[in-house]
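Asker: Structure in C-alpha cells, see below.
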Amino acid sequence: MAGQRNSKAVGVIRLVLAAAVTLLILFPVYWMVVSSLKTQSEMRLAVPTLWPEGFAWENYAEAFRVIPYARYFGNTLIMSVGLIILQLNVALWAAYAFAKGRFWGKELLFLLILAALIVPDQVTFIPIYVMMSNLSWLDTFWALIVPNGASAFGIFLLRQAFKSLNNDVLEAARVDGAGRFALIYKMLLPMALPTVVTLVVLIFISSWNSYFWPLIMTNSSDMRVLTIGIAFLRDSIAGDEAMYFHIIMAASVMAILPIIIVYSLMQKHIVAAMANSTFK
Amino acid sequence: MRMSNKTNTKQAASVRTPASVRNWRTALEKWKDFLFAFPALALLAVFLYYPLGNSFYISFTNWNMTRPDKKFVGIDNYTYLLGHEDFYQSLKITFTYTIMDVVLTLVIGLLLALMFNVSSRLYAFMRGIIFMPYYISMVIAAMVFIWIYNGKYGLLNRVVSLFGLDPVEWLINSQTVLPALVVVSVWKGVGFAMILFIAGLRSIPSDYYEAAAIDGANRWMLFRYITLPLLSPMTLFLVITTFISSMQVFQSIDIMTNGGPLQSTNAIVYWIYTMAFSQFRTGRASALIMIFFVIILLLTALQWLISRKKVHYEG
C-alpha cells in the first residue's frame with residue numbers, strides 16, 4: 001500500500017519536473033512571440049515584462065513595410081514547392097528502380113547514391129556556383145532547385161518503404177499490362193503513402209529553413225528567401241538594434257508559422273520516421 | 001473475355017513486328033528500370049561527383065574567382081594552410097565547439113529520454129514540444145537568442161543580475177561567445193537525441209531488467225550494467241552524426257558573430273565561406289574544403305568500423 005502511494009508520488013514529481021523542462025525548452029519560442037507583440041519602449045524596459053502590456057499587432061504590418069515580406073514569403077514558397085516536386089519525383093523513380101527494378105550494377109549504383117549522404121553542401125558549392133554562373137542561372141530559382149534535385153535521403157527512405165511491399169500485387173499489375181509509371185504512381189505511391197507524406201514534409205521543412213544555399217546562389221534583393229531576408233533585415237539596422245527587435249521578432253514568428261503548423265499536424269509521422277530510418 | 005482479347009492483340013502484335021525491332025524492344029525492356037534510376041544518378045553526377053572532383057582540382061590552383069587565369073601550383077595551398085597558425089586556430093575553435101555541442105546534446109538528450117520515456121498522451125505531447133526546435137530555422141533561432149543575449153536589454157543579463165552579477169556582452173566577449181553559440185545548437189538538437197535514445201531504450205527487452213531485479217540489482221546498477229551498454233550502438237550513432245553536423249557549424253556564426261570577436265568563432269566552414277566569397281581565394285578555400293572533407297570521411301569510416309566490430313562480437 002505504502003509502496004503504491006510512493007510510486008504515485010514519484011509519478012507526480014516526475015510529471016512536474018517534465019512539465020518544467022518542457023516549458024524551459026518552449027521558452028525561446030514563447031519569448032519570440034511575446035517580444036513580437038511589444039512596443040519599442042516596452043522592449044527596453046529595465047525589468048522585462050513576461051506578458052505584453054498590450055498587443056502591438058502593428059509590428060506585423062511594420063515587418064511587411066520595412067522589407068518586401070510578401071515577396072520573400074512567395075520566393076520561399078516557390079523554392080520549397082519546386083524542391084518538393086523535383087525531389088519527390090526523382091526519388092520515387094529511383095526508389096522504384098532500386099527496390100523493384102532489375103538492371104546491371106544495381107547494388108553498386110545504389111552505393112553511389114548512399115555515398116552522397118556523406119558529402120556536405122560546403123564541399124561542392126564552389127564548382128556549382130561557377131556552373132550556375134556559366135549557365136546564367138545565378139539569382140534564379142533554377143540555381144535554388146535543380147542542384148538539389150536528387151535527395152539521397154529521400155531515395156533511401158522510399159526504397160526502404162517500397163522494398164517492404166509485396167511483389168505479387170505488382171507482378172499481377174504488370175501482367176495486366178500496367179506500365180512502370182502506372183506501377184509507381186498508382187500502386188507503389190498509394191501503398192507507401194505515409195512514407196511519401198513524411199518525405200514531402202521533411203523536404204518542405206528543410207527547404208523552408210535553408211540558408212547556406214540561397215545565400216550563395218542569389219544576390220539581388222528580389223530573389224531573397226525569408227531566412228536571408230530576415231538576416232539582412234537585422235544587418236541593415238545601424239546602431240542600437242534593440243530599437244527594431246520587436247519587428248524582427250514579428251517577421252520571425254511569421255516565418256516559422258508554416259513550420260509549426262506542418263510540424264503539429266505531422267509530428268507523429270515525423271517522429272516515427274526519425275526513430276526508424278536513421279538507425280539502420 | 002477481356003483476357004483473351006488482350007492475348008489476341010499481343011499475339012497479333014508479335015506477328016507483325018520484325019525480329020530486329022523485337023530484339024531492340026527486349027533490350028530496351030532490360031534498360032527501362034535503369035532509366036528510372038537515371039535522373040537521380042545524373043543529378044548526383046553533375047551536382048555532386050563532378051563538383052567534388054572539380055573542388056579537388058581547384059585546390060591545386062591559385063585561382064581567384066574574380067580573375068580568369070588559373071595556374072597549377074601543386075600543393076602550395078595545402079602547405080600554406082598547414083603552415084599557418086590561423087588554420088590550427090580555426091581547427092581548435094571548430095573542435096572546441098563540436099565537443100561541447102556533442103557532449104551537452106547527448107548527455108541532456110539521454111537524461112530527457114530517461115525522463116520522458118513514458119507511454120501517455122501527455123508525455124507524447126511534451127516530447128513533441130521538445131523535438132520542435134529541431135525543425136525551427138537556425139536563422140530564426142539565432143535571432144531569438146541574439147535578443148536574449150543582448151547586453152543592455154537581453155533577458156539573460158536580467159536573470160544574471162538577479163544573482164547580483166555584472167551584465168555580460170555574451171556575443172562580444174571571446175570567453176562566452178562559443179558557449180553562447182553551443183547553447184543555441186543544444187537547444188535545437190536535444191529533442192532529436194531524446195527521440196533516438198527513447199527508440200533505443202524501447203528496444204531493450206524488459207526481461208533483462210526483470211531478471212537483474214530478481215538478482216537484487218538496484219536502479220543504478222540496472223542503468224549502469226543494462227541500459228548504458230545496450231544503448232551504446234545508438235550512442236555511437238548519435239556521437240558521430242552529431243559530431244559531423246556540428247563540425248559544419250555555419251549559420252549561427254554567420255548570423256550571430258560573423259566569426260568574431262577577434263576571429264574567436266572563425267570555425268572551418270565559416271572560414272571557407274569568407275575565404276571563397278569575401279577574399280575570393282578560390283584555390284585556397286578549395287584546399288581547406290578538401291581537408292575538411294577528409295576529416296568528415298575519417299569520422300564516417302570510424303563509425304562504420306566500430307559498428308561493424310560491434311555486430312561481429314554480438315553475433
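Glycine is no exception: its Cβ is also placed from the backbone N, Cα and C atoms.
Look at TrEMBL and you will find A:73-266 tagged as domain 'ABC transmembrane type-1'. Per TrEMBL, the feature transmembrane segment maps to A:12-33, A:72-96, A:108-129, A:141-162, A:183-205, A:245-266.
Burial and contacts for the listed features, if you can.
Answerer: Residues 249, 252-253, 256 of the same chain sit 6 or more residues outside the transmembrane segment (A:12-33) yet have a Cβ under 8 Å from a Cβ within it.
Tertiary proximity for the transmembrane segment (A:183-205) is limited to same-chain residues at least six positions away from its ends with a CB under 8 Å from its CB atoms, namely 80, 83-84, 87-88, 91-93, 96, 100, 151, 153-154, 157-158, 160-162, 165, 169-170, 173-174, 259, 262-263, 266, 269-270, 272-273.
Packing against the transmembrane segment (A:245-266) from elsewhere in the chain are residues 29, 32-33, 35-40, 43, 56, 59-60, 62-63, 66-67, 69, 73, 197-198, 201, 204-205, 208-209, 226-227, 229-230, 233-234: each is 6 or more residues past its ends and has a CB under 8 Å from a CB in it.
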Asker: By a Cβ-Cβ criterion of under 8 Å, what residues six or more beyond either terminus of the transmembrane segment (A:108-129) are in contact with it?
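Answerer: Same-chain contacts beyond the flanks: 94, 98, 138, 147, 150, 152-153, 155-156, 159, 212-213, 216-217.
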Asker: Should anything in the same chain at least six residues away from the transmembrane segment (A:141-162) have a Cβ under 8 Å from its Cβ atoms, list it; otherwise answer none.
Answerer: 78-79, 82-83, 86-88, 90-92, 94-96, 98-100, 110, 113-114, 116-117, 128, 132, 135, 188, 192, 195-196, 198-199, 202-203, 207, 213-214, 217-218, 225, 273, 277, 280
